[in-house]
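**Q** Checked TrEMBL, it gives:
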DOMAIN    A:70-127  domain 'Protein translocase subunit SecDF P1'
DOMAIN    A:128-234  domain 'SecDF P1 head subdomain'
DOMAIN    A:238-405  domain 'Protein export membrane protein SecD/SecF C-terminal'
TRANSMEM  A:257-275  transmembrane segment
TRANSMEM  A:280-303  transmembrane segment
TRANSMEM  A:309-330  transmembrane segment
TRANSMEM  A:351-373  transmembrane segment
TRANSMEM  A:379-398  transmembrane segment
Amino acid sequence: MKFKNAIVLLLIIAIATVGAIAGIKGLEIGNVKISPVKEMMTLGLDLKGGVFVVFEAQTDASGKELDKIMNQTKEVIERRVNAMGLTEPNVLREGSKRIRIELPGVKNAQEAIDAVGKVAQLQFKNYKGEVILTGKHVKNAEVVFEKDRGNVPSVSLEFDSEGAELFQKATKEAASHPRGSIESIIAIVLDGKAISTPVVNHEIPNGKAVIQGNFTMDEASQLAALIRAGALPVTLTEVQTSVIGPTLGIDSLNKSIYAAGIGIAIVFLFMMIYYRLPGLVASIALVIYILIVLYVLIGFGAVLTLPGIAGLILSIGMAVDANVIIFERIKEEIRNGKTLRASLNSGFSKALTTILDSNITTIIAGIVLYQFGSGPIKGFAVTLIVGVVASMFTAVIVTKTLLKLFVGLNIFNNTKLYGA
Amino acid sequence: MKVVEKKKIWFGLSIAIIVVGLIMGMIQGFNLGIDFTGGTMMQIDLKKQVSVNEINEVIKKFDLDGDILHVGENKHEIIIKTKKDLNSGERQKVFEALQKKYNLKDEDFREAEQFGPSIGKEIQKKAFLSVAIAAIGMLIYITFRFEFKFGASAIITLLHDILVVLAVFAIFRIPINSSFVAAMLTIVGYSINDTIVVFDRIRENIRFMKKKNYDEIVDISVNQTLTRSINTSLTTLITITALYVFGVESIKVFALPLIAGTITGTYSSIFIASPIWALWKNWELRKGRYNAG
């Protein structure tokens, strides 16, 4: 019995140790390779550096109409972002009117924001300044060379059926005015700037138009690409941006890990000095707790952010709580004159209801925060819930098993070892 | 330790802090971070320590009317905070001015954040709503597991914690930002956890209670759980303080309310929560006797 206890005990400690080493440095045994936790965890922009922008649509639309506009806008932005060739960019709708764009690894915020958020609002306006149709009616745009204009590059547009109809009506109207008069002009406006003001000579029924300007080849193809990639159906304003330099991100991560290491070390020391043997057990359980939380978060595909790290580190301090409750109970039982084994059993069972009640209330708070919170608050709630569940598991199962194994060895029977 | 006997001191202390904080908050306003008011934050590595006056001179033409803080190791970095809503082009111009003067590389522009004012209002609203709903959820659970008076006392304690931390931030003019909100939410979880442990002991001890002396029950229970309360808040404070001391600037703003909250949460679970419950129970007892007589 003693021998078996010792084996199991050593096995658990070995697993915790190997797990900790694998987590910090990674591990490679034969074909099995475990990367360090740092590499497996998806890092948020605040840790790896990059740009995020939140745009808000300027529109009075609501309900289904708004939904359609927002989805269109998101599609357009996605296409633009994908064209930038980043790894793991993210385009999300946030709330009803917002779109959040995350561009990891982007160094020049200005360029990125311009490329993505460029409000390529294409409009066709009549002489009164009324909008006849917009970029959302454009089906295709490409560079063409018109022979009669000496092969200067221009951009040809093709409208969808609704656009073709509107364009036909407008050109008919414009063509009815004397050629060259201001009424016969239909201006092509991009982002509020007239880029071409062609005179309409006759009604155009086929839904095709050409933007003529003094374009270079590059300018023409850029313009065509911009229109093709989709003029945004609405104007977007930048309501929030965050640019984190890549060095700051790595700095933040490393300093947080360093801080966590020191914090954990002091907690271990404190627990071992105050609670002796149970303190050592709690420290082993805490290592297992940290491993469980990290791997569960990796499994969930959770994104690690700075507030997330803060929550995680805080949870390590709090995870000791269940152990402290148990150990204090055991001490009380020992003081009441019970034997070590009896104290262990009754201490655990008495502590259990307390641990359950206090942790379930915290979990309730966590679930509510997840449901109703947004952004960082949601991530925070996930860490909180995972942490509480893992700490209950390690305190109740791991700590109990380890303590019983130690007591079973029969060499750690002095109650002084239990801090009593 | 006689907790209930001196409840006037504990309640008085808490009320004093809250009242002073709220008055100061009302007079000079809370120091709301730019994520609530809207504005721009830029963090730039200048590679050497430069006085605020000198920096102000360089960026005077932008008329930012901002705060400049020195951060980082050796205080070589600065954070410029302004309530002005600068877009990326404008931010770049400010950086370029400093870049030219101090011969900086592009990557020395460490961080920039910009918030429209509407974002903060939304965060505030959502956080408020979620705390309110969380409180109701916890009240239901505690009522189910204990009794309504325990639940209500726990929620009052929670409100106390939030108000005290808010007051401390108002008194010391510490900026309140969206991490503050997340920190508050953690405090809610921490404090309730702490309070329940004491309540649990009270519930257990009531069974052995001979006559209905609630004050004594609370004193016994608080003392029995005191070591645990102190040790747990110690370990929690150790980790969060390590983060505050060794962490980067943006995690410090997060750690600070957590430190304040952990201390408040521990204090309230010992000195506020169960005395409120005892007060209520005693009042009920007296009312009952009066009715009977």
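Each Cβ is built from the backbone N, Cα and C atoms, and glycine gets one as well.
Here the structure is a predicted model, which means the values were calculated and not measured.
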**Q** Is the transmembrane segment (A:379-398) packed against any residues at least 6 beyond its ends, judged by a Cβ distance under 8 Å, and which are they?
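**A** Residues packing against the transmembrane segment (A:379-398) from afar: 12, 284-286, 288-289, 292-293, 296-297, 300, 302-303, 305, 307-308, 311-312, 315, 318-319, 321-323, 326, 348, 352, 355-356, 359, 362-363, 365-367, 369-370, 373.
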**Q** What is the number of residues in the domain 'SecDF P1 head subdomain' (A:128-234) that are helix, strand and coil, as DSSP sees it?
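**A** For the domain 'SecDF P1 head subdomain' (A:128-234), the helix, strand and coil counts are 36 helix, 35 strand, 36 coil.
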**Q** Give the nonlocal contacts of the transmembrane segment (A:309-330) in its own chain as ranges (CB under 8 Å, at least six residues past its ends).
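**A** Tertiary neighbours of the transmembrane segment (A:309-330) are 47, 253, 256, 259-260, 263-264, 267, 271, 275, 278-279, 281-282, 285-286, 289-290, 293, 343-344, 346-348, 350-351, 354-355, 358-359, 380, 383-384, 387-388, 390-392, 394-396, 399-400, 418-420.
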**Q** Over the span of the domain 'Protein translocase subunit SecDF P1' (A:70-127), count residues by DSSP class, listing helix, strand and coil in order.
**A** 22 helix, 16 strand, 20 coil
